[in-house]
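Novice: TrEMBL feature annotations, pasted as is:
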- 48-66: transmembrane segment (TRANSMEM)
- 72-90: transmembrane segment (TRANSMEM)
- 102-200: domain 'P-type ATPase A' (DOMAIN)
- 214-233: transmembrane segment (TRANSMEM)
- 253-274: transmembrane segment (TRANSMEM)
- 594-617: transmembrane segment (TRANSMEM)
- 623-642: transmembrane segment (TRANSMEM)
- 654-676: transmembrane segment (TRANSMEM)
- 688-706: transmembrane segment (TRANSMEM)
- 718-742: transmembrane segment (TRANSMEM)
- 748-771: transmembrane segment (TRANSMEM)
Amino acid sequence: MNVKLRSQTDLRTGLTGAEAAARRAKGEYNEQLKKTTKSFQMIFRDNLMTLFNLINVILAALVFVTGNYRNMLFLGVIISNIVIGIAQEIRSKLILDRLSLLSQTHVKALREGKTCELILDEIVMDDLLILSNGDQIPCDAIVREGKLECNESLVTGEADIILKETGSFLYSGSFAVSGNVVAQVCAVGKQTYVHTILDHAKQVRRHPSQLRDAINFIIKIVSIIIVPMGLLLMGKQLFFTHATLNDAIPATVAAVLGMIPEGLVLLTSVALAVGTINLARKKTLVQELYCIETLARVDTLCCDKTGTITEGSMKVEKVIPYADADADVILAHCFHDLQDNNATAQAIRAYASPQEGWRSCETLAFSSARKASGVTYEEQGTYLIGAYDFIFANKDEAVEQRISSLAAQGKRVVVLAKSQDAIKDDLRDMRCQLLALIVLSDPIRAEAPEILTYFYAQGVDVKIISGDDVRTVAKIAETAGVRDAQRCIDATTLKEEDMEDAVERYTVFGRVSPMQKKQMIEALKRKGHVTAMTGDGVNDVMALKEADCSIAMAQGSEAAKNIANLVLLDSSFSHLPEIVNEGRRVINNIQRTASLFLVKTSFSVILGILTLFLIPIYPFEPIQLTLISTVSIGVPSFFLALEPNHERVRGNFLRNVFSNALPGALCVVLSVFYVYALTAIEPLSQEVISTLCVILAGSSSLAVLFRISRPFNMNRRILFVLMCLLFLLCIITPALASWFMLVRLSPLQLLCAGAGIIVIPLVQKGLFYVFERLMFVRPDLT
């Protein structure tokens, strides 16, 4: 891209404080477009401006016209739901925003002649940024000094490594693979190239979520049905049964009101918000809300070795000489000139104590693709540090055996080599002399064996994917408790077309390139697996982006943290089971409560259709549905959605939900037919019909609550008993019964209602039995 700087910032000093402040005042600062949480405005908008809220307001206005204000009680429930939803989301936002500060991305910049660290919002136009391996480019910039190898796959889709030199353009969103540069900012915030792409993009990839898709499907179907159904019911009662407006409106409102699963979306949002709050307390930052659910569904966990199952705190154990040369002195000079900051470089730098004195004329920064770095000096020649296989074309059998022996002990081995040649694109084309083997170790995380055991117990397969020597990786994996660690392969021997077979056959992969990591995730997904990827390095970024759920360590690279769905702020592997448990709580509890909501929605739709053709008038008043909803849906769902639930997620969400909801709904419909059948024995007034329907529909709904509350614990038992008592109280207390428009029943009518209540569990059991087999749902899931 041909972009010119409007002015050249002094490379010695950078911007002054006054110059930076002036640019910020003009709006020339790097305003962040990606937010971890919703704004307050979005929270209020999403909770208030919904289709169902609009319908509820219209229904309330219609009831208001009739003067029967009791039937507007449902509006109080809606308002309380909205208040609870807004309050919970704001609480979640405040906690997550505070937590986000701990993982905020910082970038080095030159201001007033000193190197300082800026958060992304503090960068202004013409700032000089100091960028190196692992950094994600925060805004568009032009290289002023140095060389940098960049991966632009997140911006352009091309995974090639691009060399950036003086005058080269750096895309915001790309990340540095190796090297160091000073770059001058040429575009910030909405003016960056990547933002213009997003502005014109037709589609944005959303995080996959079976839960969200299922609820959206339910809302879509209900939204399609609800308006025409309401108009048809109103038309029938006004023009065919010749009901008055004051009679037709409450009946129509009751039918439409029953079809709306008004609290389902709210409850899902609240459950997810509570999940993010719980994880925040455990030092886990959730950057994508629905990833909590996804991790609970994962069947394959792919882990990088360094920094994930190991601590990532390498140290040099020993240096084995192979020539008459002082390896320690050479390393000290090399790592004065090399600016690599990966774990191996940090360990060697700590061991060798960098010192200056030799004059370098070329440096080669480490990259995961070439597995080596190097320096050429004017007098001393070229020195390379890296993997033996990537430096020497002609291998020495004795050296290979020694490296194999050390790798089999779980050690990382890099070589120090010398050449009189200049650095070439393929280092194996250089004539090199082996000077020494550098032996490093990386302790296994104390919690790793326990965590791996947990995932195996949950039926999750674990794959270890690393850029290290496959023998080293296999030994560390075996020690950490990875099953079948001996099923390992050197990824340099793999072809892309063999990847699908390899990911199923092998457990441990060594010498994996960044592109191969991504290909492995893609292959697993094509095989139908739900994948999670943990990583901390810039070489993990493409795989993290491709995985269904991505997890980064806070001590890892900025690029990895920015792309991940979850960031472990204390870099502790031990939080993964906690995240899985939160996901299970959300899925299992929403699955339970969704069944309650859809019982009412389903029987209301069915009764609405039957009212058009068979039933003379809709059997419920709006206030009566409010009673049924409160005792069998509203109060129970709130408590059930938030209680602990760590059962494994089984089956399909929609299938599991409807296998509970439809039998309960059909039982209500049969109860209504039963009531109308009683009119053949004794003529019944509409008030008596409504009262009997409320008693039987409420009992059927409570029977569903009983079913989904199993297995009972103390809290569920108390909740169920209290809801039954509350329902009974509203029926038998004259004042409450009158408020809910229920009338006194004759002894015969009470006997018929009692018989219906006794039969309901038997009918439901039969219906559940049929649906379990028709919908292929295992009995233990319902």
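Note that Cβ sites are derived from N, Cα and C of the backbone, with glycine treated the same way.
The shown structure was predicted, so the numbers you read here are calculated from the model rather than taken from an experiment.
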Novice: Let me spell it out: take the transmembrane segment (48-66), skip the flanking residues so only those 6+ beyond its ends count, and list any with a Cβ under 8 Å from a Cβ in it.
Specialist: 72, 74-75, 78, 82, 219, 223, 226-227, 245-246, 249-250, 252-253, 256-257, 260, 262, 265, 622
Novice: Going along the chain, which residues at least six beyond the ends of the transmembrane segment (654-676) come within the CB cut-off of under 8 Å?
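Specialist: The answer is 214, 217-218, 591, 594-603, 606-607, 610, 615, 619, 684, 689, 692-693, 696-697, 699-701, 703-704, 707-708, 756, 760, 763-764, 767-768, 770-772, 775-777, 781-782.
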Novice: May I ask which of the stretches 72-90, 623-642, 688-706, 718-742, 748-771 has the most CB pairs under 8 A with the transmembrane segment (594-617)?
Specialist: 623-642
Novice: Looking at the domain 'P-type ATPase A' (102-200) alone, can you tell me the average pLDDT?
Specialist: 85
Novice: Looking at the stretches 253-274, 623-642, 748-771, which one shares the most CB pairs under 8 Å with the transmembrane segment (72-90)?
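Specialist: The stretch with the most close Cβ contacts to the transmembrane segment (72-90) is 253-274.
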Novice: Against which stretches of its own chain does the transmembrane segment (214-233) lie, if we need a Cβ under 8 Å and a gap of at least six residues from its ends?
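Specialist: Answer is 51-52, 55, 251-252, 255-256, 259-261, 264-265, 268, 594, 598, 601, 605, 608-609, 611-612, 618, 653-654, 657.
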Novice: Quick check on the domain 'P-type ATPase A' (102-200): DSSP residue counts for helix, strand, coil, in that order please.
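Specialist: For that range the per-state counts are 19 helix, 50 strand, 30 coil.
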Novice: With pairs closer than 6 in sequence left out, are the transmembrane segment (623-642) and the transmembrane segment (748-771) joined by 3 or more CB pairs under 8 Å?
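Specialist: When sequence-distant Cβ pairs are counted, the transmembrane segment (623-642) does not touch the transmembrane segment (748-771), since fewer than 3 lie under 8 Å.
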Novice: Taking 253-274, 688-706, 718-742 as candidates, which has the most Cβ pairs under 8 Å with the transmembrane segment (623-642)?
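Specialist: Comparing 253-274, 688-706, 718-742 against the transmembrane segment (623-642), the winner is 718-742.
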